[in-house]
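Chemist: Pulled these from TrEMBL:
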DOMAIN    40-319  domain 'G-protein coupled receptors family 1 profile'
TRANSMEM  25-48  transmembrane segment
TRANSMEM  60-83  transmembrane segment
TRANSMEM  103-128  transmembrane segment
TRANSMEM  148-170  transmembrane segment
TRANSMEM  206-230  transmembrane segment
TRANSMEM  264-284  transmembrane segment
TRANSMEM  296-318  transmembrane segment
Amino acid sequence: MTMLNTTRRWSDGILDRYSEAYSMVHGYVSLVICAIGIPLNLLNIVVLTRKNMQTPINCMLTWLAVFDMATMVSYVPFAVHFYCEYPANSISPQKNSWAWMNFLLVYLNVSATAHTISIWLAVAMAIFRHSYIHSPAQGTITRIRRLIRARIVVGVVVLASILVMIPNYLSHKLIEYQRGSGEVMYVFERSNIGSGNEEPIILAQLLLYSILAKLVPCLLIIIFGTLLLVTLNTSRIQNTGTAANGTPLRPSSRGRQKSRTTTMLLMVFVLFLITELPQGILILGCIVKQHFFEKVYIPLGDTMDIIALVNSGINFVLYCSMSQEFRNTFISLFCRMKGGPNGRGSYVSSHVRNDQLQVTLTHVPTLLD
């Protein structure tokens, strides 16, 4: 994610002392989070790909879980080798071998690309949700068209993110380093970030990554998230009115579900902002201020990593706590409640009140439209 060096020069600064102390436990903390987050993301994928859950938003949430899980899976060997087996601030032929340093090179590119894809998927979800709420069109054909558009958007986001990250792939170079004792190891070539003497490819990489992979998507999330919040508040105000006879209006089941789905997505967006916006600002600081990279960005690297890992693993909790259909589908798949050979009787009965309605709703996707 953010670690670009395998050795650090500690100073007497507060950030450096904090970073040195936290690095001793970072590997173990991150492994615990990955051990929890990887199976939870797998559960997200299993639940969200069920036939009754196939909607545009769920399609994007599924791929979000895929890339979150990929990030966490790749982080496990990284944390084990560079934090648990060897101290974070050490350098040795075993730790910095050719094989492990090339793994680190691949990991850095994979994690940066996965994060870029994830945040742009969040932007796409905000736009899709805003469009859906303000679109009067309904029906099976409309739903199918939206689902096809969502899949196309996912493909475009993945391809565009890879293209944007090309300077990042080209900017990290391994060089051979030899100690006086003759021991050979490999380290990253010094990038001179913030010195004014950066190579053009390094500067292009920082600008593209900070602006297109961090700040611009965060700005779009803020804009569309604010629009969704305004719409949600307006809907709640309208639903708290009274009928002509003075009886309080009760929002429809569909209206309540739409509000819960929007609220859940807003929570997802807030987590992205907490994770990605500070990092984008810090990367810009590396460009404009000399020594900012060594004195601020590197000491905060492990903290930004752990925040990103938490963000990658917490979505299952949000879905279960805020989406009734997600909970019901999860229960029908894994808890096998009584009611039929597939254990779906209780799930169906919670939504269907009579046989005629059951026939009507059997083939209609339910959630997170």
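Going from the start of the chain as shown, residues are counted 1 onward.
Cβ atoms are placed via backbone N, Cα and C, with glycine included.
Curation does not apply to TrEMBL; its annotations are automatic.
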Chemist: Under an 8 Å Cβ to Cβ limit, what residues of the same chain, 6 or more beyond the ends of the transmembrane segment (60-83), are close to it?
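Modeler: Cβ under 8 Å, 6 or more out: 1, 3, 6, 23, 26-28, 30-31, 33-34, 37-38, 41-42, 44-45, 48-49, 95, 100, 103-104, 107, 110-111, 114-115, 117-118, 121-122, 124-125, 128, 150, 153-154, 158, 305, 308-309, 311-313, 315, 319, 368.
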Chemist: Where else in the chain does the transmembrane segment (103-128) make close Cβ contacts, counting only residues six or more beyond its ends and a cut-off under 8 Å?
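Modeler: Hits for the transmembrane segment (103-128): 1, 3-4, 6, 56-57, 60-61, 63-64, 67-68, 70-71, 74-75, 77-78, 81-82, 146, 150, 153-154, 157-158, 160-162, 164-165, 168-169, 172, 174, 209, 212-214, 217-218, 220-221, 224-225, 228, 265, 268-269, 272, 276, 308, 312.
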Chemist: Please average pLDDT over the domain 'G-protein coupled receptors family 1 profile' (40-319) for the predicted structure.
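Modeler: Across the domain 'G-protein coupled receptors family 1 profile' (40-319), the average pLDDT comes out at 87.
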